[in-house]
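For reference, TrEMBL has these:
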ACT_SITE  LYS92  active site, for sulfotransferase activity
DISULFID  CYS280-CYS292  disulfide bond
DOMAIN    83-317  domain 'Sulfotransferase'
REGION    47-77  region 'Disordered'
Amino acid sequence: MAGSSGLGGGAGQGAALRASRAPLLLMALVLGAYCLRVLPGRCLPAARAPAPAPTPSEPSSSVRRPGAPDLPVASGPGRRRFPQALIVGVKKGGTRALLEFLRLHPDVRALGSEPHFFDRCYERGLAWYRSLMPRTLDGQITMEKTPSYFVTREAPRRIHAMSRDMKLIVVVRNPVTRAISDYAQTLSKTPGLPSFRALAFRHGLGPVDTAWSAVRIGLYAQHLDHWLQYFPLSHFLFVSGERLVSDPAGEVGRVQDFLGLKRVVTDKHFYFNATKGFPCLKKAQGGSRPRCLGKSKGRPHPRVPAAVVRRLQEFYRPFNLKFYQMTGQDFGWG
């Protein structure tokens, strides 16, 4: 009887143990799906037409192995050139809006998709990278935007190796709001994700989890410090994501000045869409109708408890103040 009792007790304990593990297994599956969503995607396909052969105005030395210094920019009418300016960050800061606004300018030609060359596809080589770029005429600026460059450790060195004269644009936004927006985007693709609070903190409302990318991206001062090892501050323009919404013409005007362009894109190009909560274009590039950004822009944010917001505001405050000192700009985040 004793042996029978012991066996029955063991089976009961095993069932209880399996039941207790069920929530953990569910959590692991959800997190696994989340990780698959945020893993680096594929590199863009190269343009169908091959990159133009070198000419006297574009010496063969202009395509060197990655890491070669002083890479010259190809010249000549209607040629694919390396970018002279990059929007390098940050995710969910307003980079897509800024790119679309700049593409209204006749002297700006920008790649619509994010090539992720300096973070995911660097092994493809510089010739492949240039083959992605739109053709430009003399006097036009080639641009691309990949917001993950700003938080990629290798990106500053690789960009500097291609061009020491690169102009770098960083669109920044209140890091707490940015993190919630980042989470909202991921949640829309991965329903069942743990709560924002569960991902942002360890042990309830314990230490902030800086290993979570949504939190880590907002440490702007730390990321900028690494970039300043390769580029002087004069090569950067920091655009306020908040002002890009409240005063798009003013912020885009600053960008045009930074790029050495005439202020062609002005307040006559914008109207505020109250439904979406951000400015839209009265006339999009190559079209005659007003256009707003896609449905994914302006999506509602999930409700985050006030205590969580306050904790994150306190966490980011010293990093924000340092960022203000480094850039000479007060973005008003506290």
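Every residue gets a Cβ built from N, Cα and C, even glycine.
Nobody curates TrEMBL annotations by hand; they come from automatic prediction.
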Note down the number of other Cβ atoms within 10 Å of the Cβ of CYS280 (disulfide bond), including every protein chain shown.
-> 21
Can you check how the pLDDT averages out over the domain 'Sulfotransferase' (83-317)?
-> 93
